[in-house]
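Enquirer: Below you will find the structure I want to go over with you.
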């Protein structure tokens with residue numbers, strides 16, 4: 001059944017003369033009145049390298065949409081660079097910005113009655129924020145990301161932002177060497193080149209089905225990234241007419257992002273050792289979609305999904321550009337499908353089922369198309385470059401080696417255990433998360449005395465000041481969604497542990513979270529958090545912490561009676577919290593619920 005255009009409320013009828021006059025002043029031509037209005041939700045900013053190159057692409061998408069008969073209007077959201085906001089109180093604002101982005105998209109699209117959206121996202125909180133908005137609005141939506149940064153290179157070795165952070169804190173590394181690394185770590189526009197949060201989310205968007213193949217892996221500088229934007233423009237027009245003209249609801253976000261799609265996305269995440277932040281975001285997006293997807297599902301999947309792809313920071317051998325050469329996300333999904341670990345019947349924005357998309361785009365498929373070969377041969381140029389789609393370097397050959405290549409088959413998996421795991425115990429009754437792909441197997445079982453800090457800043461000072469020694473478990477409390485507030489990322493503490501050459505000799509646990517750039521025995525999202533009365537807030541220096549990844553447990557060596565009788569450790573830090581952050585803290589839920597706001 002044909003659907004009424006949402007935009008008709010502001011473009012049709014005598015009483016909308018004023019609104020039509022305003023649309024005309026926005027550039028709408030008379031022949032465009034009554035045609036679908038498609039919002040281009042951009043996120044250009046000169047604060048974030050993952051977004052610095054998006055200033056003109058929105059207008060290219062607009063032109064492509066209007067060639068096909070619709071009207072398009074662009075607006076921007078905010079975007080925070082977690083790397084620049086890291087290590088100081090700026091990180092308090094990162095996670096809350098996800099909800100601000102979701103709200104701002106909802107406000108703009110509903111206020112102006114747009115009929116559909118193209119979401120141009122890229123970095124850490126922008127993609128999940130826009131996805132949350134898409135689920136709320138449930139209008140035809142296509143996502144296309146700005147693409148990953150090329151990996152840096154020094155002395156024939158790849159490097160990235162995390163190398164700069166670790167080496168700068170290592171006193172054995174000279175200032176000259178640090179300067180060389182700093183100048184080569186981030187050579188192009190795009191989101192940071194490892195399987196950090198931004199790239200993880202852009203890859204998961206392919207698995208959910210709201211982005212086209214190549215979205216997560218084609219580098220930002222390549223001409224095929226520009227083609228992806230053109231393809232997204234064509235797709236949103238097609239889907240808009242499918243819904244409003246033909247009444248086809250299969251193109252709507254909630255029809256695509258079903259429970260099965262979230263299970264597929266999480267299976268991919270576990271198989272590629274993605275950022276632990278993805279757990280937080282997928283739970284929040286599923287909450288907005290009203291899809292039945294919970295922490296227990298993640299625990300279940302983590303026990304049966306192997307690790308098929310390892311990328312920085314879990315190894316320095318591969319970066320996202322190498323995943324692209326190996327066939328991208330469809331290459332990993334193809335292996336998961338062969339093992340029966342994903343549901344290939346789910347639908348996608350391109351009208352195909354996941355199974356059909358894998359058949360067409362998996363480079364090991366006998367039916368792989370030429371378009372796929374071209375996408376996945378898109379290479380890094382190896383030059384400093386801040387311009388989107390400005391180079392056309394191609395690999396001569398694809399990486400189809402599923403035994404020893406970047407992407408493995410089930411028989412040659414990096415590990416039978418997946419790249420993420422959910423642990424539970426008397427420290428984390430509602431669960432916590434560890435990226436096992438980044439943990440050396442020699443410390444999957446770890447027991448040690450607690451060194452407790454009530455802030456990230458105190459932990460950094462303690463680590464750099466020599467208070468943390470081999471065998472310790474660093475415990476950072478009161479950094480959860482409510483307690484921070486804002487659930488800061490603990491990338492600096494984990495980087496400083498590595499800089500002190502303790503990466504395989506210490507653990508770190510927190511009710512805060514971690515950057516996708518974190519590796520090592522780093523356990524976050526401990527729920528309930530200290531600010532909600534969680535037992536992590538009762539741990540004292542010297543308490544023995546027991547971590548067992550194979551058994552999925554984390555405990556402090558105290559009886560239930562001892563824990564119940566012990567008071568919360570008082571918070572000694574001084575931290576100024578603004579009214580906006582206090583408002584966030586008053587509404588936010590725990591990490592095991594996705595840190596969504598609880599609003600009646």
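Glycine is treated like the rest: Cβ placed from N, Cα and C.
Copied straight from Swiss-Prot:
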BINDING   82, 124, 125, 489  Mg(2+) binding site
BINDING   123, 192  [2Fe-2S] cluster binding site
MOD_RES   125  N6-carboxylysine
ACT_SITE  515  active site, proton acceptor
Enquirer: Fewest other C-beta atoms within 10 angstroms of its own C-beta: which of the binding-site residues 82, 124, 489 fits that?
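Expert: Across 82, 124, 489, these binding-site residues, the one with fewest Cβ atoms within 10 Å is 82.
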Enquirer: Sort out the sequence-distant neighbours of residue 123 ([2Fe-2S] cluster binding site) for me: same chain, 6+ apart, CB within less than 8 Å of its CB, listed by position.
Expert: 43, 48, 50, 51, 79, 80, 81, 82, 191, 197, 198
Enquirer: What other residues of the same chain, not counting 82, 124, 125, 489, have a CB atom within 8 A of the CB centroid of the Mg(2+) site?
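Expert: Going along the sequence, the neighbours come out as 80, 85, 91, 94, 95, 123, 197, 277, 515.
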Enquirer: I need the CA-to-CA distance for residue 124 (Mg(2+) binding site) versus residue 515 (active site, proton acceptor), whole Å please.
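Expert: That comes out at 9 Å between the alpha carbons.
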Enquirer: Please classify the secondary structure at residue 82 (Mg(2+) binding site) using three-state DSSP.
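Expert: Reduced to three states, the DSSP call for residue 82 (Mg(2+) binding site) is helix.
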Enquirer: Just to confirm: which same-chain residues, 6+ apart in sequence, have a Cβ under 8 Å from the Cβ of residue 192 ([2Fe-2S] cluster binding site)?
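Expert: Residues satisfying the criterion: 49, 50, 83, 148, 149, 160, 161, 186, 198, 199, 517.
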Enquirer: Taking the Cβ of residue 515 (active site, proton acceptor) as reference, which residues of that chain separated by at least 6 in sequence fall under 8 Å from it?
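Expert: Non-local contacts for residue 515 (active site, proton acceptor): 82, 83, 86, 196, 197, 275, 277, 489, 490, 491.
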